[in-house]
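Have a look at the structure below before the remarks.
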Amino acid sequence: MADIRKEIEKRRTFAIISHPDAGKTTLTEKFLLYGGAINLAGSVKGKATARHAVSDWMEIEKERGISVTSSVLQFNYDNYCINILDTPGHQDFSEDTYRTLMAADSAVMVIDGSKGVEAQTRKLFKVCVMRHIPIFTFINKMDRDAMDTFELLDDIEKELGIATCPINWPIGSGKEFKGVYDRESQKIHVFSDTEKGTKEGEDLVLSMDEADGVLLEGQKEKLMDEIDLLDGASAEFDQEMVDKGELSPVFFGSALTNFGVEIFLKHFLKMTTSPLPRKADVGMVDPMEDSFSGFIFKIQANMNKAHRDRIAFMRICSGKFEAGMEVLHVQDGKKIRLSQPQQMMAQDRKIVDEAYAGDIIGLFDPGIFSIGDTVCMPNHKVQYEGIPTFAPEHFARVRQIDTMKRKQFVKGIEQIAQEGAIQIFQEYNTGMEEIIVGVVGVLQFDVLKYRLENEYNVEIRLENLPYEHIRWIENEQIDMDKISGTSDMKKIRDLKGRPLLLWVNSWSIGMTLDRNEGLILSEFGR
Ligand code: G4P
């Protein structure tokens, strides 16, 4: 038991999120470099990233094995066992990010110092705030000309509605970048370009006076003024507020040149938390409980095209997991044996024999799991609260081009929907003939089309529908025929047969409620 406790205590499980190109991959690589998990940075994934999001996604699809293996990584550093969860960098996939955040205990937000919070990322970062987990900010690319530091912090506070607390402070940027000032020790960590970060950096730390020869003219005065201002104006560090996700500790650095990465890692690991208790039907479940339990937060099919396999990613919430153990799949009510669970280590996937609360493992899924499902010991049943489905904002009717391939089409679209990449609906009174797809971001339409063609050999045509608003009908017993709506309203059902309403205009929702007494609508599908 003592061993299990020790293992769980040293775990740190966090998601890393950023706008494409802000440096998430580079930072992750540098973490691995410090953890000794890779020898040379630059090997996590081929650098064909998001110039253009769609083509990027397809590129990633081509390299699926690689991109997926790097989506969950585990490595050891300084007696910690670290699990990093990668998230898609485009806000059209913010639902995916939300699910990943459900499996994390904290989040690291990477921001490009020259750009601040970018328009496309706003929504992505906001889902982070919705989860109320600690959020740490790494402001990257300080070796390039950056925005004014106060402006950067202001931007984060305004955009995300979260207070910031700089743990260190940059001295210059771009060609004039000289390092960071550590507010606690009041020392300066001097910037050095460690051969573009292929080596771990040697940290030169100087006192303010010793740094005179290093800083450019006027930099010291500016720094002292800024620190004075900061001490007066910014929020003080408060661990409790950090824990609640109300205050984000901010760090500055340059992932590419390796500067500031280890300083960040060291502080971050101390400030972030070991696996947190999780809410279940029986109350909060302590990770230290000896009975194993976990939930599925992500499903990915066809990772290996040749095998048509499907992997369900599980976050272990309590106890110790052992390969081959017999567990209960709560939603199905069936006992199953989890053989060949996988874990991702840098570029490799490997079979794991054991894993602990906080860890993420990949389970072979013969099509039984859904997102949000609980797995636990048969004699110790718990059920974790589900993961809400985001309301889709874009809708299209799907037409199959070759109607002979009906079976593949239905199978493909259902499987992709089970992964949570899209949501499918039917017309309220016709059957499966007419399929309506709803997505949170339009990019998911491209993904659907691409995947149906490539994985299921089915060509489709999408006809955009004008609806933008969707609500689930909570009182399902209501007679759908009797609902009197507005002229822009459409009645549909989801795959489970639950009734829903679609509207073009948001004001029609209120009008529909007014016209139908007792109607209860919900923004989330459960
Ligand atoms: P992402 O995963 O968030 O999309 O970003 P990624 O790490 O792929 O970084 C995007 C680009 O920014 C890369 O350049 C990377 O080298 C560069 N970069 C990352 N961190 C820093 C930094 O601290 N300073 C500077 N100056 N650049 C940084 P690229 O040209 O797209 O790729 P590559 O050809 O250099 O590999």
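Cβ coordinates come from backbone N, Cα and C, glycine included.
Automatic, uncurated: that is what TrEMBL annotation is.
Just so it is clear, the model here is predicted, and its values are computed rather than measured.
Some features that TrEMBL has for this protein:
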type: BINDING; residues: 18-25, 86-90, 140-143; note: GTP binding site
type: DOMAIN; residues: 9-276; note: domain 'Tr-type G'
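On the structure: features taken from TrEMBL.
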| residue | record | contacts (Cβ under 8 Å, 6+ apart) |
| --- | --- | --- |
| SER18 | GTP binding site | LYS24, GLY89, MET109, VAL110, ILE111, THR121 |
| THR87 | GTP binding site | ALA15, ILE16, ILE17, PHE93, ASP96, THR97, THR100, LEU101, LEU124 |
| MET142 | GTP binding site | GLY113, PRO170, SER173, PHE177, VAL180, PHE252, GLY253, SER254, PHE259, GLY260 |
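Over all protein chains present, the Cβ of ASP21 (GTP binding site) has 17 other Cβ atoms lying within 10 Å.
For ligand 1, the neighbouring binding-site residues among SER18, ASP21, THR87, HIS90, MET142 are SER18, ASP21, by Cβ distance under 6 Å. For LYS24 (GTP binding site), other Cβ atoms within 10 Å of its Cβ number 24.
Averaged over the domain 'Tr-type G' (9-276), the predicted model has a pLDDT of 82. The secondary structure of THR87 (GTP binding site), as reduced to three states from DSSP, is coil rather than helix or strand. In three-state terms derived from DSSP, SER18 (GTP binding site) belongs to an extended strand segment. Every protein chain considered, the tally of other Cβ atoms within 10 Å of the Cβ of HIS90 (GTP binding site) stands at 22.
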